[in-house]
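J.: Dumping the structure here so I can ask a few things about it.
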Amino acid sequence: MTERTPLLHYRLFSSVNESEQPAPPARRAPELEPGGSGGPAQPKKLSVFFGVVVPTLLSMFSVVVFLRIGFVVGQAGLYQAIAMFLVAYFIICMTVLSVCAISTNGALDAGGAYYMISRALGPEFGGSIGLMFFLANVCGSALYVLGLVEAIVATFGVPEDGALATSPYQVLPSGYWWSLLYATGVALLCLLVCLVGAHIYAKATFLIFLVVMFVLGTIFVSFFAVRPRTILLPSPGTNGSGPGFPTTANFTGFKLDTLRGNLWADYTLDYTTRTMMTFATVFAVMFNGCTGIMAGSNMSGDLKNPSYSIPRGTITAVIFTFIIYNLLSVLVACSCD
């Protein structure tokens, strides 16, 4: 057995005279093999930061959290919101520790999660779990694209209810089919980046990482720089039926009374689905923003030293996102009524 053999290794058929079989001929150097390129293989160039930290951070900094952090704190309160993050990160930390154990236990080659699972549990488990993981990535990509389109339309789209635009930048047509068109364009752009290769993907993710860090910095600055104001909320379209929803919201700035009002849960009807929220339903919305921890592990085939990079990069990204999410929750609870 070699070090790349699955840990739960077994064979369906075994030969009695297996030990008497001649050893296979020694493998020649790649440059001497027929049909070879005549030169050494290209070295893997991605480091811990570019290959693991940046992709994992971008996957965990989900648009769901940035769009729904106020929803989570407003419904569950600050105490329960922090408790939700603790539960969510406890769950993903168990997965991260398992990934660290597998990635440091022997050689790690290309294949990401599939390779690690198949090496630890065998190819049968690796294939079945790898297929589900692939489908989860497909659905997750669609979720992130739709969240991006929602933010773009909310900022730059013409109001659908016929109301006057409140900003000169609201020029994009809005509606269901327009949103579908924008989402299709974004998905095609992501496809082109992935088709080019891993190295252009690393460069693109670093550029997006810089944009996300800049936007995140402006969010934290805005809590201190923006003066108290009243914000007009979009109409939920109740048509006179059902309970009335507030039409305005207050950004009070940092006030102790605002913090006291946001400490405890106040579950109400959801703004769009008209269903009563509970701890479980709010946690389900929030937990989507805490996934994406396998993004760095999936780059295992393009890392300089996967066994070194994956544990350190993934743990660094998890700790950083946990701190940022809790800071955002505290700042929202202190300044938004």
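Note: Cβ is positioned from N, Cα and C throughout, glycine not excepted.
According to TrEMBL:
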REGION    17-41  region 'Disordered'
TRANSMEM  46-69  transmembrane segment
DOMAIN    51-333  domain 'Amino acid permease/ SLC12A'
TRANSMEM  81-108  transmembrane segment
TRANSMEM  129-156  transmembrane segment
TRANSMEM  176-198  transmembrane segment
TRANSMEM  205-226  transmembrane segment
TRANSMEM  276-295  transmembrane segment
TRANSMEM  315-333  transmembrane segment
J.: Near the transmembrane segment (315-333), which residues from the same chain, at least 6 beyond its ends, have a CB less than 8 A from one of its CBs?
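T.: Beyond its ends, the transmembrane segment (315-333) has Cβ neighbours at 52-53, 56-57, 60-61, 65, 69-70, 72-73, 77-78, 81-82, 85, 89, 92-93, 96, 100, 216, 219-220, 223, 258-259, 262-263, 289-290, 293, 296.
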J.: Let me know the model's mean pLDDT on the domain 'Amino acid permease/ SLC12A' (51-333).
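T.: Mean model confidence (pLDDT) across the domain 'Amino acid permease/ SLC12A' (51-333) is 84.
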J.: Give the nonlocal contacts of the transmembrane segment (276-295) in its own chain as ranges (CB under 8 Å, at least six residues past its ends).
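T.: Hits for the transmembrane segment (276-295): 55-56, 58-62, 64-66, 68, 71-72, 75-76, 80-81, 84-85, 87-89, 92, 95-96, 99, 112-113, 133, 140, 143, 265, 267-270, 314, 317-318, 321, 325.
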J.: For the transmembrane segment (176-198), which partner among 81-108, 129-156, 205-226 gives the most CB pairs under 8 Å?
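T.: The listed stretch sharing the most Cβ pairs with the transmembrane segment (176-198) is 129-156.
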J.: Which residues of the chain, 6 or more past the ends of the transmembrane segment (205-226), have a CB below 8 A from one of its CBs?
T.: 50, 54-55, 57-58, 61, 251, 253-254, 324, 327-328, 331, 335
J.: So what's near the transmembrane segment (129-156) in sequence-distant terms, Cβ-Cβ under 8 Å and 6+ beyond its ends?
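T.: Sequence-remote neighbours of the transmembrane segment (129-156) are 62-64, 66-67, 113-114, 117-118, 167, 169-172, 174, 178-179, 182-183, 186-187, 190, 288, 291-292, 294.
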